[in-house]
Amino acid sequence: MCGIFCMFEANSHDADNCLCTYNCIQPTVNRRGPDYHSSVTLDFENHSFVFGASVLWLQGKEMTKQPVENEQSVFIFNGDIFGGTSIPSDVRKNFGDTIPLLHLLEKSEDVIDDLMNLQGPYSFVYLNKKRSKLYFGRDPYGRRSLLIGMKDSAILLTSVATRMLDIKCVELPAVGIFTYSLETGEVELLPWPFRHSNFKEKVSELETILNKTIKLQQNLELAHHTFINPTDNYLQYPLLSPDCIFSNLLNDARFFQNVQQLEVLLEKAIEKRIATQPAFCHKCIKSRNPCIHSTTGVLFSGGVDCAILALLADKYCSKHCSIDLLNVSFSGNAPDRQTGLQTLDELKQIRPERKWNFVEINVKESELNLERERRIADLIYPLNTILDDSLGCALWFASRGQTESYVSPCRVLLVGMGADELFGGYTKHRAALKRGGWQALHEALEIDWQNISFRNLARDDRVVSDHGRQLRTPYLDEEVVEFVRSLNCWER
């Protein structure tokens, strides 16, 4: 994982303006990657560039320093490759993702095609000197943050910004791969092979920010799953007590097969996200001493989604290490604290050999107000609603993992984000079902999924990464999503 900064100005050979902006944002960018940070200043093709990056080492046997610069390229990659590329898995295991991906792009006859095929969460900036093009973008689900802004003729791309910056920023829409031509100044967009209903709105917003018309390379249809009514006898089950409902459903071969397949895919998603990280926590990463501390944590409210993640993570975390369960409360008797403790008891019964650290994070109002103004509001920016503030504050304190006597040393944090959108976990989904039946629920799930890359994932990435931890979302693994989205809403 890394923090990204890239600012460039056309018709300029002086990087002072870009450096001034970098100096303003650099402390926040550096907190995302506590293991290394550096910058590159470049005068190329009548453009002045400043690239900056910070690195959280989570892949490969040795850390890859960024920005990566050579005669052909400058590359900053904030992400994880979990598939969709010809790079062998053993190469990525030994050398990480960044260098092998850069070598692939430098040899590629179709750079955009190779980028389009990547699976996993990412954002990136890639200057290809031979082609005189700057490529940039985010993965289709928008799991990694990348903001974009413009001041005069200078364009800014950064993982995180500040409210006081004299450049208005927006979240770069996760709608495809963008290119900027150093020869013509044109911005082009190759969209993903599907479009969401608000595609035009997001592109138009970006055109306003850049004061440029964005050239579209393709014209694609809207993404939409067709609704099919269930047959009359498909969902006919006798009324049973709550204790019997699940066992009765699992006796149905159709439901049982779906549950089995989901379990296999979720296990695989979790394994990819924790098994290859260096076997060191924050405390031991520099000395590389044998580590028995928590390298992995789970944001833990005690709900079904995080309980499943904790249980499955046990299979792939070292048996010598503890797992931190981070539970935040703004009042002593918060519901999440009570459900968290109840679920902790169940985990201890199911996996008694694992050391579970239930981290009770209690936040006082004075501390909340202080950190909201001092740091959290900048991380939420450019979002600014009351809901963004509320959720952002809760996530920042939870992911900080700090109590009076303990600070979580984990570097990877598993979260259940995406589960509610996929499985209909919000109250509004139940309301839709009551109001209009299965079709109304289907439409509500479609709307939520079409908006997922534009809502809170980038914000949550900025908030969690401020603590030098990597946010990982197994429910948003491409294979998990593809399977769940292939099911009818009543099968989920």
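Any Cβ shown, glycine's included, is placed from N, Cα and C.
Whatever TrEMBL says is automated annotation, not expert-curated.
So that you can see what the record holds, here are the features copied from TrEMBL:
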ACT_SITE  Cys2  active site, for GATase activity
BINDING   Asp97  L-glutamine binding site
BINDING   Leu299, Val328  ATP binding site
DOMAIN    2-193  domain 'Glutamine amidotransferase type-2'
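Location within the structure of each feature annotated in TrEMBL.
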{"residue": "Cys2", "record": "active site, for GATase activity", "contacts (Cβ under 8 Å, 6+ apart)": "Arg32, Gly33, Ala53, Ser54, Val55, Leu56, Gln66, Ile76, Phe77, Asn78, Ser159"}
{"residue": "Asp97", "record": "L-glutamine binding site", "contacts (Cβ under 8 Å, 6+ apart)": "Gln59, Gly60, Phe77, Gly79, Asp80, Ile81, Ile87"}
{"residue": "Leu299", "record": "ATP binding site", "contacts (Cβ under 8 Å, 6+ apart)": "Cys306, Leu326, Leu395, Ala398, Ser399, Leu413, Leu414, Val415, Gly416"}
{"residue": "Val328", "record": "ATP binding site", "contacts (Cβ under 8 Å, 6+ apart)": "Asp336, Ile361, Val363, Ala394, Phe397, Ala398"}
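Confidence across the domain 'Glutamine amidotransferase type-2' (2-193), taken as the mean pLDDT and rounded to a whole number, stands at 94.
Under DSSP, Asp97 (L-glutamine binding site) is assigned to coil, being neither helix nor strand in the three-state scheme.
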